[in-house]
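The block underneath contains the structure these notes are about, expressed in structure tokens.
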């Protein structure tokens, strides 16, 4: 084997080892975004829910600041239950439809059904809960104890 080929092979192996340490992106986040948009037709963009209160977005702690934030806590808890069932809610892809009455799930496996139900429940909760701009991008270290 030529030294240049060996170097290329070594570089590929090292890069693959490094890539294995990178956590996968949550694949169903796009689906959840579409469910939110379907349930909240003509409402605010779904990214407004990504950094709201103590529970909307990554992580969560303390007492939810309002009804909308409680929706996110319930969603987090629902994902926790899915994990206890052996599901991977952030990676589970499912089938859903956006009908005239709003979104609904149409999936085959137990994990798909459960995760879709979690997302659907949250999207509908977002639709009926008031959005308070004061709770967007809050200082969670002070308000989420």
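From the backbone N, Cα and C atoms, a Cβ is placed for every residue, glycine too.
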Recorded Ca(2+) site member, picked from 66, 76, that accompanies 55, 57, 59 in Swiss-Prot: 76
Winner by Cβ contact number (other Cβ atoms within 10 Å) across the recorded positions 76, 119: 119
For residue 56 (disulfide bond): DSSP state (helix, strand, coil): strand
By Cα-Cα distance, the member of recorded positions 55, 57, 59, 75, 76 nearest residue 125 (disulfide bond): 75
